[in-house]
Amino acid sequence: MSLAHSETEEKIDNLQAETRDIFTDDSLDPVYQAKARILNNALQEIGMGKYQWFLFVVAGFGWLSDNLWPIVTGLILDPVVNEFNVLGPWLKLAQNLGLLVGAAFWGVSSDVWGRKWAFNITLGMTGLFAIAAGGSMNYVALCSLAAVWSVGVGGNLPVDSAVFLEFIPASHQYLLTVLSIWWALGQLLGSLVAWPLIANYSCPTTVPPSPCPRSSNEGWRYFLFTMGGLMMLLWVIRFFVFDMYESPKYLMGRGRDEQAVEVVHKVAAYNGKTSNLTIEDLRRAGKLADTLVDDDAPMDTSVLAAVRRKMEMFSSNHVQSLFATRKMAWSTTILIILWAFIGLAFPLYNSFVTYFLATRGADFGDSSTYITYRNQVILSVIGVPGALMAGYFVELPYLGRRGTLSIFTVLTGVFILASTTARTSNALLAWNCGYSYTSNVMYGVLYAISPELFPTKDRGTGNAIVATANRVFGVMAPIIALYANLTTSVPIWISGAIFIVAGFIALLLPFEPRGHASL
């Protein structure tokens with residue numbers, strides 16, 4: 001080996017040592033990987049500043065929306081069923097179909113057309129169609145509009161997680177997990193707003209059901225108007241107040257190195273700092289990596305060259321690159337399985353537990369609206385410390401992302417199984433408090449580890465794939481609820497078992513992101 005080649009290898013190794021990449025094998029294109037390390041070092045040099053903290057807030061709106069709107073659908077379900085005299089699971093099915101389309105479309109498109117436009121559209125789309133849904137004249141119109149607003153909701157996390165991760169320094173990647181506090185706040189916000197509106201402006205629940213005219217049942221409409229208006233306000237803050245830059249790693253992955261450097265300098269200036277990054281740094285890193293691939297023939301460092309190199313083994317599209325090596329393929333496959341299993345188990349439990357308990361002697365005699373919403377608020381409050389603690393657990397050396405995800409996914413399943421033993425309102429509330437806490441930790445880690453394990457140039461597509469798997473399996477739950485025996489305990493036991501199995505599967509992830517920089 002020549003002396004020049006040895007010096008080149010040493011320089012590349014030094015770059016890797018500074019950033020401690022997640023991917024240390026040949027999972028990524030060497031030119032892309034070398035340039036990504038340079039950008040990671042530049043972001044680390046800038047540090048966690050004003051721009052990133054503002055981004056923590058506006059990206060958090062996506063987490064809030066992602067949990068708020070499934071809660072909204074659940075909260076309006078009873079008054080909607082009473083008014084239109086229909087089967088409730090159809091509304092859930094419409095929502096899940098919209099979430100499925102949104103997850104697939106927005107995630108993939110963010111890898112093709114960029115993060116910025118998707119980041120700025122999804123909240124506005126959700127708010128606009130939610131407000132329109134409040135004026136629905138029939139159940140078909142409501143389901144249709146719910147499906148459309150859910151297309152916007154489905155795009156939040158695949159895009160927002162990528163955006164946030166690609167701007168923060170490696171030392172603060174744990175904040176991607178802490179962002180799930182917004183997820184918990186979404187549930188709490190929905191419960192608090194629904195309490196006075198739906199409780200005071202809905203038809204009373206009677207057995208057998210009595211006629212429920214719109215004039216006596218405006219609460220769910222007021223609720224949709226309020227939540228839709230909130231989404232429009234959050235969209236205004238994102239679009240007009242916060243000036244979001246396009247992701248520098250996305251730009252670099254598309255061969256737009258000059259623009260990537262320009263964005264890094266804009267972020268530094270926003271934070272009141274300066275950056276030493278130059279376009280020559282990226283070009284030099286690309287050339288150094290080239291020499292390790294072929295010592296005799298220099299390579300073009302553009303993105304097209306990276307694509308051509310990948311085409312020697314695989315197709316050039318974003319999906320194929322997620323399976324480019326055995327280790328990368330294993331990681332992607334495990335993530336898909338985890339998201340799919342949890343996507344089925346979570347709504348399966350929620351769809352059946354109420355009916356099951358009501359028909360098994362757990363008629364608590366305190367099913368007043370006050371008790372219902374009081375318990376919902378308590379469960380929502382419990383989720384907030386769960387989200388905060390998730391950020392602490394993932395940084396513990398003996399746990400990390402994998403260990404935390406595994407333990408709390410198993411515990412979520414355990415609390416689900418335990419909830420079937422409840423025969424009093426307080427017992428059910430206690431089990432569900434445990435379930436709320438562990439599931440918030442679980443989701444916080446799951447939402448963070450997935451984008452961390454996908455390279456930037458394919459992150460939107462990777463997020464879209466796992467989110468789509470989650471939504472596809474989520475669609476099954478309302479279909480099962482439409483045709484299955486709601487009084488059986490089997491679906492609940494299956495849900496708990498799926499969570500427990502998923503917890504052990506999480507240990508099979510080949511990469512541990514703790515202490516490493518995402519590329």
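From the backbone N, Cα and C atoms, a Cβ is placed for every residue, glycine too.
If you look up TrEMBL, you'll see 53-77 (among others) marked as transmembrane segment. Same-chain residues lying 6 or more positions outside the transmembrane segment (53-77) and placing a CB less than 8 Å from one of its CB atoms are 88, 91-92, 95, 122-123, 126, 130, 146, 149-150, 153, 156-157, 159-161, 163-164, 167-168, 175, 179-187, 189-191, 194, 198, 220, 223-224, 227, 231, 234, 237-238, 242, 244, 350, 376, 447.
Here TrEMBL flags 55-514 as domain 'Major facilitator superfamily (MFS) profile'.
The transmembrane segment annotation in TrEMBL covers 89-108 (among others).
Residues or ranges marked as transmembrane segment in TrEMBL: 117-140 (among others).
The transmembrane segment annotation in TrEMBL covers 146-167 (among others).
Residues or ranges marked as transmembrane segment by TrEMBL: 174-199 (among others). Outside the transmembrane segment (174-199) by six or more residues, the chain places 48, 56, 59-68, 71-72, 75-76, 79, 161, 164-165, 168, 219-220, 222-223, 226-227, 230, 369-370, 373, 376-377, 379-381, 383-384, 386-388, 390-391, 394-395, 401, 440, 443-445, 447-448, 451-452 with a CB less than 8 A from a CB of the stretch.
Here TrEMBL flags 219-241 (among others) as transmembrane segment.
Look at TrEMBL and you will find 334-357 (among others) tagged as transmembrane segment.
Per TrEMBL, transmembrane segment is recorded for 377-396 (among others).
As annotated by TrEMBL, transmembrane segment applies to 403-422 (among others).
Annotation source TrEMBL lists transmembrane segment at 428-449 (among others).
Taken from TrEMBL, the feature transmembrane segment applies to 461-484 (among others).
What TrEMBL records for 490-511 (among others) is transmembrane segment. Residues 22-23, 327, 330-331, 334-335, 337-338, 341-342, 344-346, 348-349, 351-353, 356, 401-403, 405-414, 416-417, 419-420, 449, 453, 480, 484 of the same chain lie 6+ residues outside the transmembrane segment (490-511) yet bring a C-beta within less than 8 angstroms of a C-beta in it.
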Legend entry - Stretch of maximal Cβ-Cβ contact with the transmembrane segment (117-140) [cut-off: under 8 Å; candidates 89-108, 219-241, 377-396, 428-449, 461-484]: 219-241
Legend entry - Predicted model, mean pLDDT over the domain 'Major facilitator superfamily (MFS) profile' (55-514): 84
Legend entry - Selection from 146-167, 377-396, 428-449, the stretch that has most Cβ pairs under 8 A to the transmembrane segment (89-108): 146-167
Legend entry - Residues of the parent chain within Cβ reach of the transmembrane segment (146-167), under 8 Å, 6 or more residues beyond its termini: 43, 51-52, 55-56, 59, 61-63, 65-66, 69, 73, 91, 94-107, 110, 115, 118-119, 121-130, 133, 173, 175-176, 179, 228, 244, 247-250, 267, 447-448, 450-452, 456, 459-460, 463-464, 467, 471, 518
Inset, instruction - Report, as numbers and ranges, which residues of the same chain sit near the transmembrane segment (428-449): CB under 8 Å and 6 or more residues beyond its ends. - result: 63, 157, 161, 173-174, 176-180, 183-184, 335, 338-339, 342, 346, 357, 362, 364, 375, 378-380, 382-387, 389-391, 393-394, 401-402, 404-405, 408-409, 411-412, 415-416, 418-419, 421-422, 509, 513
